[in-house]
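*Asks:* As annotated in Swiss-Prot:
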- 14, 165, 166, 167, 232, 233, 241, 247, 248, 264, 268: ATP binding site (BINDING)
- 16: Mg(2+) binding site (BINDING)
- 42: K(+) binding site (BINDING)
- 55, 98, 241, 272: L-methionine binding site (BINDING)
- 98-108: region 'Flexible loop' (REGION)
């Protein structure tokens, strides 16, 4: 039976990603002054408007409006015809202080007063696969690369009529062993100026973006290309669709290849296990796969609010384990400390490093240096096999 798998990505100019980048830009600015700040910032975008709200406890002062407008300008919304520009947008700031009840639960863990308790209950997942050098599913890796490439040709003026909003989707065909045999379909929709023909756009995007990214050994004469299949895409970004932080959590993580605990990343400081523990779970999963314990691996960690130690830890190798899964779990529990403060210290997460993750994925990044992508525990794992 023929099987298929698909992942998608969106550009930095997508309305939801604008919101994520503003939230993380504010977080970075706060952390640059106050590494111990607590933040849970949410952002909405719509035509001519950005609303910023959530909770923040910090000694830092940051100019929220300036950060928002600078972020919008960097993304490329700087022309009046886009209907949403850095110079004209209305920014409202409704941030309030974090609840004292939450703060006391985090500051003194119920099971260890010297540790930070988890900032909330919930579960997170980490995943890695040896399908690609980035340890991400190929479909997601290619979708992200398509979005970075179309940004690059737009910003370099190579295709000057492109606008910031875009989406990509890659589908692959799998054999009975779930190995990729070919790329079945590519979908790419991009915002554009009014005066370009659909024929010209499709030609340029195919030649200058798609053909530069796809591995040609996986492309054949049956590969289907859908480039702006809806036709006209002049109105885009927040002028056409509202945006909200945390609405692209599958794009941010594993493209649908793994489970997701439901918690978003952007705008949250590292005491929020939604973010920090998800990063650490990726770090652990990636090092385990790189050590050869399995071809792909998913790690689940669950927490209780105000408690440092995880409630549970589970590993699934999808039938690809090279050793017994129980041994993989024992090695994981022995080598890695999953308490929130330990995670923060191991990955040095009280730094302004988050805005760069808010577009093109939080994992598998080869264009930036992220601590949870380091393969620095492989030898320790191998020594215990």
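In case you wondered, yes, glycine gets a Cβ from its N, Cα and C as well.
Could you give the neighbours, burial and distances for every feature on this list?
*Replies:* In this structure, residue 166 (ATP binding site) is part of a beta strand by DSSP.
Residue 16 (Mg(2+) binding site) carries a helical DSSP state (H, G or I).
Classification of residue 42 (K(+) binding site) by DSSP places it within a strand.
Around residue 55 (L-methionine binding site), taking its Cβ as the centre, 17 other Cβ atoms fall within 10 Å, counting all chains.
Per-residue pLDDT, averaged over the region 'Flexible loop' (98-108), rounds to 62.
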*Asks:* Taking only the residues the record lists as binding ATP, namely 14, 165, 166, 167, 232, 233, 241, 247, 248, 264, 268, what is the largest Cα to Cα distance between any two of them, in Å to the nearest whole number?
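*Replies:* Between the outermost Cα atoms of 14, 165, 166, 167, 232, 233, 241, 247, 248, 264, 268, the distance is 37 Å.
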*Asks:* Including all protein chains shown, what's the count of other C-beta atoms within 10 A of the C-beta of residue 268 (ATP binding site)?
*Replies:* 27
*Asks:* Rounded to the nearest angstrom, how far is the Cα of residue 42 (K(+) binding site) from the Cα of residue 14 (ATP binding site)?
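*Replies:* Spelling it out, the Cα of residue 14 (ATP binding site) and the Cα of residue 42 (K(+) binding site) are 16 Å apart.
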*Asks:* If you measure every Cα to Cα pair among 55, 98, 241, 272, the residues listed for L-methionine, what is the largest value in Å?
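*Replies:* That value is 30 Å for the farthest Cα pair.
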*Asks:* If you measure from the C-alpha of residue 16 (Mg(2+) binding site), which of the binding-site residues 55, 241, 248, 268 fall inside 10 Å?
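*Replies:* For residue 16 (Mg(2+) binding site), the binding-site residues whose Cα atoms are within 10 Å come to 241, 248.
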*Asks:* Nearest to residue 272 (L-methionine binding site) in three-dimensional space, by Cα, is which of the binding-site residues 42, 166, 241, 248?
*Replies:* 42
